Amino acid sequence: MESVYWFIFGALAFLVAGLVFTQVALFKRCWALTHVSCSCMTKEGGIVSGNAAQLQAFFSLRNNYVFVYALMMAGDWLQGPYVYALYQHYGYDVKDIGRLFIAGFGSSMIFGTVVGSLADKHGRKKAALIYVLAYAASCATKHSPEYGILMLGRLLGGIATSLLFSAFESWLVAEHFARGFEEKWLGDTFSKAVFVGNGLMAILAGLVASYLVDTLKLGPVAPFDAAIVVLVAGGAVIYTSWPENFGDSAHAAEGVLQTLQRQFAVATGSILGDQRIALLGAMQSLFEASMYTFVFLWTPALSPAGEKIYHGMIFACFMTASMAGSSLSGILMKRYKVEAYMKYVFGLSALALSVPFLFNVSIAKDSRRSLQDATLTEGREAVRGISLHAQIQLVAFCVFEVLVGIFWPSMMTLRARFIPEETRSTIINMFRIPLNLFVCIILYNVHLFPLSAMFALCSTFLAIAALLQIRLERIIRDRPTAYAKGEEAAALLSGTASEADSAKDAA
């Protein structure tokens, strides 16, 4: 294996170790200060005030959520490396496989918003359990080679994905404020959840899946069976340890259709009536659309002429970079306001994904290999390794993954601050509609776009997100009263009038 992979992986692993060590040292200092003076985390150190009993209760909630989120993400990551391979194993071609993927994104776009609205109405814990059942059923369909059953599995998977990225976050935010914890502490939970769930679990799941398929020779369906076991285990923890919470329990007598109509009306009104929410939705859609498109583009970008690249090692580099980003986000949120540094995250992301465009990596129909050929390189032996240009692009892609690691917990924290509690899941899933629509369009027409043009489009999206973030920062800075009202609402939600009074005094 070429040394460049090990060099990049080693550098990223060293960075992660340093960031984790810094956070552990800060935590020990915090804990010592807590037991002495019942105060923890100054502005410089990022530690907020609180007594020992309250902090212990917070740590209990945080650790429970991180554990559950890690299991849920592990169930998702176990499937990733072998979805395409399984469909190929059943004899389906690229066009048929593409339709299956489009069905998954389309299902998330159409049905995801509906289930998100029902989660707000009927309970986030129930929605989390439905996620477990839907995704486990989706995995079970992989045992059948019938195209219709596989399509049903993709539809169930799309619904489950929408619940994964809305119901769990909504449950945590509501529970966090209901227990009277400070808003600033949410960032710590989100950063650790992303570090473990999106980083560590991704690497471990890849290794386990490879062991089941390549070492034990259990076939490409084995990782999906393992995912069912992990999902059921996580569902058992949810069932036994999570209390139920609701976004809106004031309309218990409403029917399903009435609930959906009212939830959509309220959510739409919130988005159109509050620039902050609209800007958050636009930035989330632009960033995630670029991120999911990148997933389909990085392989042909690194091997445009069929060069031999080590996908497993590159994936490990990406996930380690994401872990570094999530660790860094925890430090950033303790030292700076999220809205102050996110514009740099979007701007640097735009620069990172512009590198392939600057190198003019283009796969045209007439003069170069097609995107499909570059991705699969079937029937042709790769005679050389990764090129110098591709090595530079790999570094840029790892930088982008670091920024992805920063984005998730930071965006979750901003959403927790500004999105109304009663329609939180509904609004989050409405944000995903343009994202899923864009990805479906790209997947359906991927063979028509030059590779460099697609990267340029992603870079443009991210640059627009940076401009929108600057606008959001100005709105927050120029409307301190509105921000204080948000703080007051959070305090009222937690049931602590003193915090509401403090928010008024601060204004």
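Placed from the backbone N, Cα and C atoms, the Cβ positions cover glycine too.
Listed features, source TrEMBL:
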type: TRANSMEM; residues: 6-27; note: transmembrane segment
type: TRANSMEM; residues: 66-85; note: transmembrane segment
type: TRANSMEM; residues: 97-116; note: transmembrane segment
type: TRANSMEM; residues: 151-172; note: transmembrane segment
type: TRANSMEM; residues: 193-212; note: transmembrane segment
type: TRANSMEM; residues: 224-242; note: transmembrane segment
type: TRANSMEM; residues: 309-332; note: transmembrane segment
type: TRANSMEM; residues: 344-363; note: transmembrane segment
type: TRANSMEM; residues: 394-414; note: transmembrane segment
type: TRANSMEM; residues: 426-446; note: transmembrane segment
type: TRANSMEM; residues: 452-470; note: transmembrane segment
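Put simply, of 6-27, 66-85, 193-212, the stretch with the most CB pairs closer than 8 A to the transmembrane segment (151-172) is 66-85. Between the transmembrane segment (394-414) and the transmembrane segment (344-363) there are at least 3 Cβ pairs closer than 8 Å, counting only pairs 6 or more residues apart in sequence, which means the two stretches are in contact. Spatially, the transmembrane segment (97-116) is not adjacent to the transmembrane segment (452-470); fewer than three Cβ-Cβ distances between them are under 8 Å for residues at least 6 apart in sequence. Beyond the transmembrane segment (6-27), the same-chain residues lying 6 or more positions past its ends with a Cβ under 8 Å from any Cβ of the stretch are 45-47, 313, 316-317, 320-321, 323-324, 327-328, 330-331, 334, 394-395, 398.
Long-range contacts of the transmembrane segment (344-363) within the same chain: residues 283, 287, 290, 294, 297, 300-301, 304, 369-371, 374, 389, 392-393, 396-397, 399-400, 403-404, 406-407, 410, 450-453, 455-456, 458-460, 462-463, 465-466, 469, each at least 6 residues beyond the stretch ends and with a Cβ under 8 Å from a Cβ of the stretch.
Remote same-chain residues near the transmembrane segment (426-446) are listed as 98, 101-102, 105-106, 108-109, 112-113, 115-117, 120, 162, 165-166, 169-170, 247, 263-264, 266-268, 270-271, 277, 280-281, 284-285, 288-289, 292-293, 296, 371, 415, 419-420, 454 (criterion: CB distance under 8 Å, separation of at least six residues from the stretch ends).
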